[in-house]
Amino acid sequence: MTNIPVSRTVLDHLSSISLRNNQGQTLKPFELAKDVHRLGRDPKKADLIVPEKDNWMMVSGCQASFVKEGNNYRIYDGDQVKSSSNRLFFNNSLITPKQGLLLQDGMVVTVGTLARNHIIITYSHTNANQPSKKKQKTAISIKNKSVSIGRNPQANLPLDAPTISYDHAIIDNNSKGQYILTDRSTNGVFVNGQKVTGQAIIPNGSTIRIGPYLLILQGDILRIADRGDNIRLDAKNLTRFVKDKNGEKITILKDVFLPINPGQFVVIIGGSGTGKSTLMKTLLGIEQLENGTVELNGEDLRKNFNIYRNLIGYVPQYDIVHPNLTVREVLYYAAKLCLPPDINLVQESEKVLNQIDLKERENTLVKNLSGGQLKRVSMGVELLADPKLFFLDEPTSGLDPGLDKKMMELLKDLSNEGRTIILVTHTTLNINLCDRLVFLGKGGNLCYFGPPQKAIDFFGIKSNNFADIYVHLEDSDKVEKETERFKNDPNFYEQYINQYLVQASSQAVKKSNPQKVKISFFQQFSILSQRYFQLLIRDPLNIGLSLVTAPLGIIAMRIALSDKIPFIFTDENDPTFATLSLKVLFVFTCAAIWVGLASSLQEIIKEAKIYQRERLVNLEILPYLVSKVGVLGILVFLQSLLISLIIFICFNSPESNLLAWVLGTEITIFLTSFSTISLGIMVSAFVNNITQANSSLPLLLLPQIIFSGVLFKMTGIGKLLSWLMISRWSVGALGSLVDIPSLIP
Ligand SMILES: Nc1ncnc2c1ncn2[C@@H]1O[C@H](COP(=O)(O)OP(=O)(O)OP(=O)(O)O)[C@@H](O)[C@H]1O
């Protein structure tokens with residue numbers, strides 16, 4: 001049995017711990033009076049004994065040690081030598097057997113990391129000479145009442161985060177005594193990992209995720225288990241292969257283990273092509289993995305991506321903002337897309353503007369910003385949703401040393417506010433600001449993970465310059481050797497990786513298949529249309545050109561035709577009259593097709609990166625597409641009006657039995673352009689870059705000309721193909737208005 005010395009009792013300082021399990025059961029509080037106490041199920045190893053019963057079995061034989069330090073106690077995992085099976089956590093940070101954690105009155109430590117399966121240890125320390133502090137409300141009884149949850153300060157359980165709606169959810173009791181949750185929010189509610197659609201029954205022990213908050217129902221008590229401001233990330237055994245052009249496997253990430261504590265600022269460095277971006281995308285859950293897992297607070301990120309999606313911010317290497325919007329507009333539209341409609345968007349944008357220090361440039365167009373300012377706008381877009389886990393891929397590239405320092409300090413401040421920051425960079429000037437440095441070598445080998453200051457010692461770099469680590473690890477053999485040396489070094493691998501690696505919980509986590517958080521179709525459609533419209537009118541020259549090109553072409557044709565009058569038959573002996581009329585109609589069709597393609601071919605590909613990033617948050621495909629077709633539809637309607645007007649002015653109007661000539665031309669030209677923008681948008685979604693989009697223009701136009709049935713008589717397969725051409729239908733419709741067969745003498 002452990003020898004536990006007895007201390008003198010200080011009467012005016014009383015310390016105790018109370019335990020609560022996941023069923024809401026509690027034990028009589030344990031008073032702490034001796035210099036050392038041990039808590040556990042085994043009476044041979046502990047003096048504070050937890051019963052050997054079902055709901056307490058998570059507690060180890062010796063779960064925790066309490067050692068007096070000043071007037072308070074320091075808690076250690078296990079017996080201060082060997083860690084316990086389910087480990088101890090404070091705000092999702094691991095408490096180790098060696099370092100422990102100094103407790104303060106009201107601190108809550110958990111055994112195990114999964115909220116639905118942990119045991120809570122609450123430490124109380126009263127000082128008779130000091131008035132007791134008012135504690136923040138963390139639980140509420142939901143028995144026999146309707147409980148409102150939301151950002152509203154008057155809600156029964158107010159939860160404050162930008163992604164939470166003012167009136168987010170209601171919990172009621174039904175006649176069978178069950179608790180029913182009704183979702184009223186924009187960003188949704190997850191009960192036991194499943195998204196609630198409308199209403200859901202919440203059984204005892206359920207976890208409820210609302211924005212960053214995790215609530216747990218214990219009996220009739222709804223308790224805040226986690227405020228989400230502390231996310232621990234455990235990467236285990238990450239391995240990624242790709243195939244080269246000969247089909248051979250190449251390893252680009254090899255057995256990477258990384259335990260990252262909440263609020264840590266982690267910097268990933270390494271030579272070009274060593275797998276930094278791959279590692280980041282893997283940690284983020286968007287890169288495929290051949291082996292390994294990434295866990296956030298003990299839950300598999302990939303299986304629970306929906307739940308964590310709104311807690312993650314990601315600034316990729318490329319820019320994710322529209323160049324033709326002002327900084328304020330970028331933030332405003334991004335806030336509209338990711339935040340509930342009842343939030344004060346101006347206030348949120350203002351807050352972020354100050355955070356990224358761009359208040360003075362708020363009305364500047366993004367395209368007129370410097371590289372560093374542009375990066376800060378991308379960061380601002382992500383900061384709007386107040387992410388708790390923030391990934392940034394080279395945001396400091398191309399910045400001058402002063403800006404680099406400012407950016408690193410900003411990131412450090414963000415991590416000090418409880419966010420976990422993971423940054424890929426090539427700039428090592430201000431690397432000492434980070435808490436953990438990851439050095440990747442060729443082939444995705446983990447050569448170092450630990451405090452930045454110790455990296456220089458580990459690699460034996462005399463110059464004290466981080467850049468020399470790159471030189472040191474230039475060849476592959478050296479990388480292999482150093483990776484092996486790091487793995488076997490107890491001062492590094494053991495201390496910074498092994499000690500912190502937490503075994504996956506034995507409790508199975510319910511799978512939630514990846515699904516998007518749904519925002520109303522009309523809401524997204526309206527925001528996207530507004531933004532798209534704003535982007536279009538920001539480029540008046542382009543709009544002007546797209547409006548006048550086709551009318552100018554038609555005017556040119558009128559000049560070329562000189563005194564010839566198509567459509568109205570004047571000379572009975574002229575055999576070329578019908579052909580001339582058909583040619584003119586064909587030019588009208590070509591103008592409409594040209595206008596449609598030119599307006600749409602680049603529309604998706606030119607903002608593909610922004611689209612991909614927004615899709616990761618909650619952008620839906622349908623409202624996005626409909627907004628494109630809708631706004632472009634209005635544009636082609638205006639274009640078709642102008643074209644019809646010019647036709648009306650330049651050419652005599654023939655008699656038409658079907659529809660008035662002007663109306664008929666307007667409808668045909670509009671439908672032709674509208675069908676063409678649909679074709680253009682489809683092609684724009686398939687191509688890989690803008691150059692390919694431009695190159696596809698002749699490929700799309702030529703068949704429309706060849707198979708229109710005007711230049712050549714269509715037979716066989718050509719006839720079949722002509723049925724697929726917009727031009728054939730357009731010329732056909734215009735021809736019916738003029739009644740081409742009757743023009744033939
Ligand atoms: N999908 C893929 N298919 C084939 N090779 C890939 C793929 N993704 C990454 N690679 C290769 O894996 C290696 C690591 O790429 P990654 O972009 O992660 O490196 P990096 O360290 O971020 O590089 P840089 O610092 O130059 O941005 C590179 O050689 C890259 O060409």
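For all residues, glycine too, the Cβ spot is worked out from N, Cα and C.
Please treat TrEMBL annotations as automatic predictions, because they have not gone through curation.
Annotated domain 'FHA' per TrEMBL: 147-196, in sequence order. Per TrEMBL, domain 'ABC transporter' is recorded for 233-467. Summarising the annotation, TrEMBL assigns transmembrane segment to 541-561, 582-601, 621-651, 658-687, 699-721.
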Candidates 541-561, 658-687, 699-721; stretch with most C-beta pairs under 8 Å toward the transmembrane segment (582-601): 658-687
Chain residues in Cβ proximity to the transmembrane segment (699-721) (below 8 Å; excluding those fewer than six residues from its ends, i.e. six or more beyond): 582-583, 585-586, 589-590, 593-594, 597, 679-680, 683, 727-728, 731-732
Confidence summary for the domain 'ABC transporter' (233-467), mean pLDDT rounded: 88
